[in-house]
């Protein structure tokens with residue numbers, strides 16, 4: 001595509017993770033494996049929670065939504081990345097870039113807020129158990145779910161508005177494997193200081209505050225659990241520990257990316273790869289499958305499926 005001073009950029013060229021064919025092949029295989037685990041794993045969690053009438057506590061509503069967000073989030077980047085590995089020229093249209101950027105921040109922002117809601121749920125369940133049924137009633141839970149989806153939308157639309165107002169008339173090469181605000185704004189034909197500052201406040205500072213708030217809330221819960229002498233102490237400790245792991249895995253890369261928008265770092269691509277492809281696998285592998293009730297329900301569901309298949313084969 002020829003680019004002159006008066007030419008409007010209509011597409012971006014993605015430079016990808018690496019130019020090495022051997023490394024690209026290795027990464028392609030690894031990402032394909034991750035993706036084939038992420039989608040079935042998260043949808044199995046959703047189906048298990050939806051089909052078991054015993055999993056009605058607020059925790060399972062939140063886990064089901066977390067699985068849906070993870071599956072959707074991985075769908076935004078991974079499939080196109082796999083196709084690009086097989087293409088000589090990795091091109092994404094301007095509209096496609098904006099669309100990808102919107103859904104990344106919509107789903108990512110919603111997931112961050114969901115983790116805050118889940119921390120509040122654990123605080124009520126562990127530190128204020130007598131108030132659990134009144135505070136975390138179905139109406140309140142659905143209101144919080146609506147609020148976090150709206151919060152993710154507002155966060156994302158701010159990013160999109162920032163991009164749509166920028167003129168692009170020069171270079172069109174993105175040094176990454178997907179579209180994100182940090183790389184796109186560097187290609188605009190105007191001074192980016194104010195935009196990058198707004199980006200720090202909208203993404204970086206919000207991510208950092210959520211991260212610190214989550215760590216503080218789980219620190220309070222862990223202190224409360226350690227002082228308690230109850231049969232469920234070990235289970236509560238284990239639950240909180242896994243959630244702290246999820247928080248570190250999700251917010252660590254996000255803080256690294258969005259708190260330093262003014263300069264490119266050598267580790268940017270690997271951090272982005274972890275955040276967009278590998279992290280969504282953490283929900284089924286670390287989070288939900290540590291829940292005994294979900295595992296038991298999943299085993300019953302799979303057993304019924306096997307029995308139905310065997311019965312069908314015998315009858316035919």
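Backbone N, Cα and C atoms are what each Cβ position is placed from, and that goes for glycine too.
These come from Swiss-Prot:
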{"type": "TOPO_DOM", "residues": "1-25", "note": "topological domain 'Extracellular'"}
{"type": "CARBOHYD", "residues": "5", "note": "N-linked glycosylation site"}
{"type": "TRANSMEM", "residues": "26-49", "note": "transmembrane segment"}
{"type": "TOPO_DOM", "residues": "50-57", "note": "topological domain 'Cytoplasmic'"}
{"type": "TRANSMEM", "residues": "58-79", "note": "transmembrane segment"}
{"type": "TOPO_DOM", "residues": "80-100", "note": "topological domain 'Extracellular'"}
{"type": "DISULFID", "residues": "97-189", "note": "disulfide bond"}
{"type": "TRANSMEM", "residues": "101-120", "note": "transmembrane segment"}
{"type": "TOPO_DOM", "residues": "121-139", "note": "topological domain 'Cytoplasmic'"}
{"type": "TRANSMEM", "residues": "140-158", "note": "transmembrane segment"}
{"type": "TOPO_DOM", "residues": "159-195", "note": "topological domain 'Extracellular'"}
{"type": "TRANSMEM", "residues": "196-219", "note": "transmembrane segment"}
{"type": "TOPO_DOM", "residues": "220-235", "note": "topological domain 'Cytoplasmic'"}
{"type": "TRANSMEM", "residues": "236-258", "note": "transmembrane segment"}
{"type": "TOPO_DOM", "residues": "259-269", "note": "topological domain 'Extracellular'"}
{"type": "TRANSMEM", "residues": "270-289", "note": "transmembrane segment"}
{"type": "TOPO_DOM", "residues": "290-316", "note": "topological domain 'Cytoplasmic'"}
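Tertiary proximity for the transmembrane segment (236-258) is limited to same-chain residues at least six positions away from its ends with a CB under 8 Å from its CB atoms, namely 108, 111-112, 115, 118-119, 122, 126, 180, 182, 199-200, 203-204, 207-208, 210-211, 214-215, 218, 221-222, 225-226, 267-268, 271-272, 274-275, 279, 282-283, 286-287, 290-291.
By number of Cβ pairs under 8 Å, the transmembrane segment (196-219) is matched best by 140-158 from the list 26-49, 58-79, 140-158. Remote same-chain residues near the topological domain 'Cytoplasmic' (50-57) are listed as 64, 293-294, 297, 300-301 (criterion: CB distance under 8 Å, separation of at least six residues from the stretch ends). According to its DSSP assignment, residue 189 (disulfide bond) is coil.
If you take every residue in the topological domain 'Extracellular' (259-269) and average the pLDDT, you get 68.
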